[in-house]
Amino acid sequence: MELKTEEEEVGGVQPVSIQAFASSSTLHGLAHIFSYERLSLKRALWALCFLGSLAVLLCVCTERVQYYFCYHHVTKLDEVAASQLTFPAVTLCNLNEFRFSQVSKNDLYHAGELLALLNNRYEIPDTQMADEKQLEILQDKANFRSFKPKPFNMREFYDRAGHDIRDMLLSCHFRGEACSAEDFKVVFTRYGKCYTFNSGQDGRPRLKTMKGGTGNGLEIMLDIQQDEYLPVWGETDETSFEAGIKVQIHSQDEPPFIDQLGFGVAPGFQTFVSCQEQRLIYLPSPWGTCNAVTMDSDFFDSYSITACRIDCETRYLVENCNCRMVHMPGDAPYCTPEQYKECADPALDFLVEKDQEYCVCEMPCNLTRYGKELSMVKIPSKASAKYLAKKFNKSEQYIGENILVLDIFFEVLNYETIEQKKAYEIAGLLGDIGGQMGLFIGASILTVLELFDYAYEVIKHRLCRRGKCQKEAKRSSADKGVALSLDDVKRHNPCESLRGHPAGMTYAANILPHHPARGTFEDFTC
């Protein structure tokens, strides 16, 4: 018998030759390069073609990997029909912040300069520009002789002197059913005291609509009360040159930001606002720039751009003026009229118009907005002017200058989804690489595993030949001893070669009386 060599025992089975591996490999062209033939032009051409294909493959794969790490995205647009839609919140503000009749002597004393009704000497600045009736009332209120001022609070002033929805609202219908001022919730914005219809707050359910078109939404008739507008004798942030209302249509999940996002509605017109709900889905970094985390704010629970802006503006004013405006959340003290004039209004104007770095709000990953199309017609017509004047006990001129109708509805009962999607995902990358591997070198993932497996066997064998595995093998042999199988022993044929062994190696007859006289080793194996 030929015993195994020490090298075979230590190093294991020697791996097959490169020619044998190439002939059985699934990698195309490898068998022609590593063949048993002598070096020839054919083998050289095969090697050249293989290396060229491999180079092209590496270039294409590199380009695909670079494209993947550019994180491109595409935008998918779809329209989805719905059986019903949640009607949006509608916030409206009169462009005049304070009613002239509600400004008291104490209000005029504290806020007269802020409203440009008085100068810094508590005097009416330009009596020639004033209406005679208003001037008479104002002169009486501006007489501060023996007047003892009382404490003044801007929040209370805005709430008391702002326009009342119960006086403004002449008619209200939602889906053909009557609604009232009780369906409007008071909300403060930079325009002062405003009102939100269908706010979804205070335990009230969000209203839904079942059809599109006029008559299936909100229709209101308002009196803007121009007779109550403050006289304008100067330019301040609290005075308005316009007449009408400002309207914002928004989701119930975000606060109104009407001074930046609202649209105007003029008296003397019926304005039709056709809406379409749009649901926007943006991708977070690195494919997009949306904010996927919840808002870290003490004032708002859910993140939105308007909530972020209001939160940022509030913090900015508190840091710079040590107070907050009436429409801002929090527990900081309200600004006084002097702080409004000297600090709050200039600081907020600077922040909104010029500072592009302080209040930078990222787009939320999920957003609902409402696309709008506006159209309008003149009211009242000549045929209806007298009727409306009689109905509301006003003159025809008053009706034309103060009455407006606002009609908000869904154009159709569907919503539009605008969704960002990854243009190239990891599955696409692997598919492209796999396809190019199959095209250029005829390889697959299993082919790559074949190459790694063969390389592992070759490296392992060579390391063991250099003695790096022998120490472990010798240590193992010293611990365990040499283990021979029964077949290995029999192949030495001890029964024939050791029959004439000296008697000193035989068993004693009294131990094995019926056994032939053989040596211990022969007896065991035979």
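Placement of Cβ uses the backbone N, Cα and C atoms for every residue, glycine included.
Computed from a predicted structure; not experimentally measured.
Cβ environment of CYS194 (disulfide bond): THR91, LEU92, CYS93, ASN94, VAL186, VAL187, PHE188, PRO256, ILE258 lie under 8 Å away, each six or more residues apart in the same chain. The annotation disulfide bond is assigned in Swiss-Prot to CYS93-CYS194 (among others).
DSSP classifies CYS172 (disulfide bond) as strand under the three-state reduction. Taken from Swiss-Prot, the feature disulfide bond covers CYS172-CYS179 (among others).
Residues annotated as disulfide bond in Swiss-Prot: CYS290-CYS365 (among others). Secondary structure at CYS365 (disulfide bond), taken from DSSP and collapsed to helix, strand or coil, is coil. Non-local neighbourhood of CYS365 (disulfide bond): ILE281, TYR282, LEU283, PRO284, CYS290, ASN291, ALA292, each in the same chain, at least six residues away, with C-beta under 8 Å from its C-beta.
Sequence annotations record features per position, and here Swiss-Prot assigns disulfide bond to CYS308-CYS361 (among others) based on similarity to another entry. Taking the Cβ of CYS308 (disulfide bond) as centre and 10 Å as the limit, one finds 20 other Cβ atoms among all the protein chains shown.
Per Swiss-Prot, the feature disulfide bond maps to CYS312-CYS359 (among others); the stated evidence is similarity to another entry. Around CYS359 (disulfide bond), the C-beta neighbours below 8 angstroms that are at least 6 residues distant in the chain are CYS308, ARG309, CYS312, GLU313, TYR316, LEU351.
Cβ neighbour count for CYS343 (disulfide bond): 17 (other Cβ atoms within 10 Å of its Cβ, all protein chains included). For CYS321-CYS343 (among others), the entry in Swiss-Prot reads disulfide bond, with the evidence type similarity to another entry.
Residues within less than 8 Å, Cβ to Cβ, of CYS335 (disulfide bond) and separated from it by at least 6 positions along the same chain comprise MET154, LEU317, CYS321, CYS323, ARG324, MET325, CYS343, ALA344. Sequence annotations record features per position, and here Swiss-Prot assigns disulfide bond to CYS323-CYS335 (among others) based on similarity to another entry.
The N-linked glycosylation site feature in Swiss-Prot is assigned to ASN366 (among others); the stated evidence is sequence analysis.
Annotation for ASN393 (N-linked glycosylation site): no spatial neighbours, criterion Cβ-Cβ under 8 Å with sequence separation of six or more. Annotation comment: Swiss-Prot describes ASN393 (among others) as N-linked glycosylation site.
The phosphoserine annotation in Swiss-Prot covers SER477 (among others).
Annotation comment: Swiss-Prot describes SER497 (among others) as phosphoserine, evidence class similarity to another entry.
Look at Swiss-Prot and you will find GLU79 tagged as site 'Involved in channel desensitization'. Its Cβ taken as reference, GLU79 (site 'Involved in channel desensitization') is surrounded by 10 other Cβ atoms within 10 Å in the chains shown.
Feature annotation from Swiss-Prot assigns site 'Important for inhibition by the snake venom mambalgin-2' to ASP349.
Annotation source Swiss-Prot lists site 'Involved in proton-dependent gating' at ASP355.
Residues annotated as topological domain 'Cytoplasmic' in Swiss-Prot: 1-49 (among others).
Under the heading topological domain 'Cytoplasmic', Swiss-Prot lists 457-526 (among others). The predicted model assigns the topological domain 'Cytoplasmic' (457-526) a mean pLDDT of 53.
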Original post:
At the Cα level, what's the spacing in Å between CYS179 (disulfide bond) and ASP349 (site 'Important for inhibition by the snake venom mambalgin-2'), rounded?
Top reply: 37
Original post:
ASP349 (site 'Important for inhibition by the snake venom mambalgin-2'): which of the recorded positions GLU79, CYS172, ASN366 is the nearest Cα neighbour?
Top reply: ASN366
**OP:** Please indicate, using numbers and ranges, the residues of the same chain that are 6 or more beyond the transmembrane segment (426-456) and have a C-beta under 8 Å from a C-beta there.
**Re:** 15, 21, 25-29, 50, 53-54, 56-57, 60-61, 64-65, 68
Original post:
Nearest to GLU79 (site 'Involved in channel desensitization') by Cα distance: which of the recorded positions CYS172, CYS361, ASN366 is it?
Top reply: ASN366
**OP:** Please name the residue among the disulfide-bonded residues CYS172, CYS312 whose C-beta has the most neighbouring C-beta atoms within 10 angstroms.
**Re:** CYS172
